[in-house]
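**Student:** Feature table excerpt (TrEMBL):
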type	residues	note
DOMAIN	16-210	domain 'Aminopeptidase N-like N-terminal'
DOMAIN	246-464	domain 'Peptidase M1 membrane alanine aminopeptidase'
BINDING	His318, His322, Glu341	Zn(2+) binding site
ACT_SITE	Glu319	active site, proton acceptor
SITE	Tyr404	site 'Transition state stabilizer'
DOMAIN	545-788	domain 'ERAP1-like C-terminal'
Amino acid sequence: MANKTAGRVLLPSHVVPEFYDLALEPDLEAFTFKGKVVISFAIDADKLDDEEVAKTITLHAKELTFISASYSIDDDPTVIPAEEIRVNLKATTVTFYFGTPLTTNASRVRLTIEYTGFLNDQMAGFYRSTYQDIEGKDRIMASTQFESLDARRAFPCVDEPAAKAVFILHLIIPSNRQALSNMPAASVVRLNANQTRISFMATPKMSTYLLAFLVGEFDAVSQLTPHTGVLVTVYTPPGKSTSGTFALQAACKSLEAYNDFFATPYPLPKLDLVAIPAFAAGAMENWGLVTFREVDLLIDPNTASNQQKQRVVTVVTHELAHQWFGNLVTMKWWNGLWLNEGFASWAENWAADLLFPEYKMWEQFTTGHLAAALRLDALKSSHPIEVPIHHAEEVEQVFDAISYCKGGSVARMIQNVLGMKAFRAGLQAYMKEFAYSNTETEDLWNAWEQATNGMPVGEIMASWTEQMGFPLLKVVKEEWSDVEVVLTLEQSWFLSDGAPLDDKGEEKLWTIPILTCTAEGEQEEMMLMREKTATVTIPAPEGGWVKLNAGQVVPMRVLPTAEMLEEYGSGIERKTMSDIDRAGLINDAYALVKAGHLSPESLIKLLGHYKDEDSYIVWEGLSGVLNGLDTVLSDNETMGASLQKFAKKLVLGLAKKVGWESSSSDGHLDTLLRGILISLLASFAYDDPSVAREANQRFTAFLENPKDVQSLPSDMRTSVFKIVLKNGGAKEYEQVKSYFYSADNNAERKHVLNSLGCVPDKKLKLATMDWCTSGEIKLQDFFYPMGSGRCCHSRCRASFAICLFCSAVLTL
């Protein structure tokens, strides 16, 4: 790969930050704050040759107003004030000009800056949001979200991931509020009747984007981890502490699991998890103070759906993985974002699978993370996992399914290629060597090469991280004998639109691990395909079947021969093919049809083999195919009707077997299967008399007693709302909408948000759009009802207007 640092726009590095002493005083009524920061820099004498540079210090700053600045050198008490303070709005920097240059015989400079700022409502930087106190009155909370480039909105700093430093924070807050930060409070001093000053312990050396602090009112539930004695606390809105107990248990278990896996103890004395009323993402991994959207942290385990529980677990395990991947060891620059997010995506599933094996998270990974990665990475507009970033602002474009989902999929592939023992040993060595510092991808490759006694990991993985896209592995020929089959393979770049490749596209090659399975099980031997074509011999009796990409380990598509597709029927129907492979097979087939590599007739014939399918994992794949086809065919009345008929028959058959009523013997995936089938009924069989009748009966019982979880379990609540809305009118619309206001938590309100757009009446759809922009819905949540407006396709053209509006607002 070319020089990764070429073209990067970084601040001048003649001074290197080592220590920030930051004091802030937020005004929760005027939405402003006062700030004072003292930054201790080490002076790099080798970079002071230019006297004009030596007279300046440049920092990142955004939306701050500067009052004064001065510096002192080493132990010299002389204070040198800035002669000029120049703000560059476009570059979001501030430069302090001094009459006296820094000299090569000095080792440290202390820069003191006083300034003011604004508590914005944009969920970025140091911002404000509204919550309700114990009496139900609206109050203002101040909180932070600094990743990736918004620490500069709260204080002037070197806002680059490699500029790690130690932070001491002081907050002057109203005496009737609480304050939290990365570290425990070191002192609490009552200044007067109305104000309290809280000083926090020094943080470990860390990047600016990981600093965090909050001012508000909280209830809490806490627990010490049993083996390491770390105090874990979940902070909730006032009066809702019990809703944090499920996440607390998950956090304690996963923290202990990561301590053991990485063989590097969590280094902070406490870990806080806090629900924030207005939060742009799902969560943020601030070291020791992880912040969450309320719905991704707080649930009632007695009423929450299995999907909601699983979501809380995986968000918690993802963010806690970051306490190592990203916090302890951080990428040097934003081009290495995948080192943070890709491996946290892998780890979230590893930890969830370890702690909750009934979730079968690695099976779900293939229909979740892997499927999302393949959808996005098959576009010509995709990008490599490790994408060159010159201006830091460009990083916002790569917080996507490539960094998260493809990154996690590549990590899963590496784990399978190396084996868990070597994979883990490499990660442990990596954590120990680079703790409190920064790395590039090659550092991780080197750790694994050492753990495997020289396997060329970097050479193998370069094609997966340094170029966009993924391969289509085509079986050109199959030749059977009594005891084996010989497959001739060819690889090419897969594009979802099937566009012809130019010369550069034709030259793309990947190093592909070839993993196979037959009715007798997975084959242990693995080969690496490095060239355009290859031949592989697989032990298998004639008359059986053989599938490439066993376990969907490699992020790629596979095009089998027509004969192989025929042979898969027995593996699907008899279930001698694993759940993961049955799901992967149908997902591949659908993508291949859309790209023009496989005929639609072949897909429909393949779908017919799934008529008795009862695996949730497989139905996750089937659901994506059926809903995808429904979207593609929505404007073709004849073909759309044929699909509706086919899907209705396919779904109704199993839905009747599974039933609407849960059983005491149901496992986690049984409940999820019932939920996804009823969701498909809402899409393809909502007008079936038996479906409509069952949904209406449950809806009526639910309205009479919303606390009765048996009448309408949370796993099917959104789907039942959709069925009722599609068959109903204004009355049902208002009944569903009213539940948004009577529900006592955001997880329940989300059922309304995810269903309301399904009402077919055009006026009611437009009313939903008006409601979304009325201020009644939080900015972070408005896309849920807008998105649900798509479920009627061309059968209600107002949905098109809704989608356009959603797109416009998201662009703004």
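Cβ atoms here come from the backbone N, Cα and C positions, even for glycine.
In the displayed structure, how are the listed features positioned relative to their neighbours?
**Tutor:** His318 (Zn(2+) binding site) falls within a helix when secondary structure is assigned with DSSP. Counting every protein chain shown, the number of other Cβ atoms lying within 10 Å of the Cβ of His318 (Zn(2+) binding site) is 27.
Sequence-distant contacts of Glu319 (active site, proton acceptor), defined by Cβ-Cβ distance under 8 angstroms and a gap of at least six in the same chain, are Leu273, Ala283, Met284, Glu285, Val290, Phe292, Ala344.
The number of other CB atoms found within 10 A of the CB of Tyr404 (site 'Transition state stabilizer'), across every protein chain shown, is 23. According to its DSSP assignment, Tyr404 (site 'Transition state stabilizer') is helical.
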**Student:** Can you tell me how many other Cβ atoms are located within 10 Å of the Cβ belonging to His322 (Zn(2+) binding site)?
**Tutor:** 24
**Student:** Where does Glu341 (Zn(2+) binding site) sit by DSSP, helix, strand or coil?
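**Tutor:** Note: Glu341 (Zn(2+) binding site) is helical by DSSP.
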**Student:** Could you state the whole-number distance in Å separating the C-alpha atoms of Tyr404 (site 'Transition state stabilizer') and Glu341 (Zn(2+) binding site)?
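**Tutor:** That separation, Cα to Cα, works out to 5 Å.
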**Student:** Considering every residue in the domain 'Aminopeptidase N-like N-terminal' (16-210), what is the mean pLDDT value?
**Tutor:** 96
**Student:** With the Zn(2+) site defined by His318, His322, Glu341, which remaining residues of that chain have Cβ atoms positioned within 8 Å of the Cβ centroid?
**Tutor:** Glu285, Glu319, Ala321, Phe325, Gly326, Asn340, Phe343, Ala344, Ser345, Ala347, Glu348, Tyr404
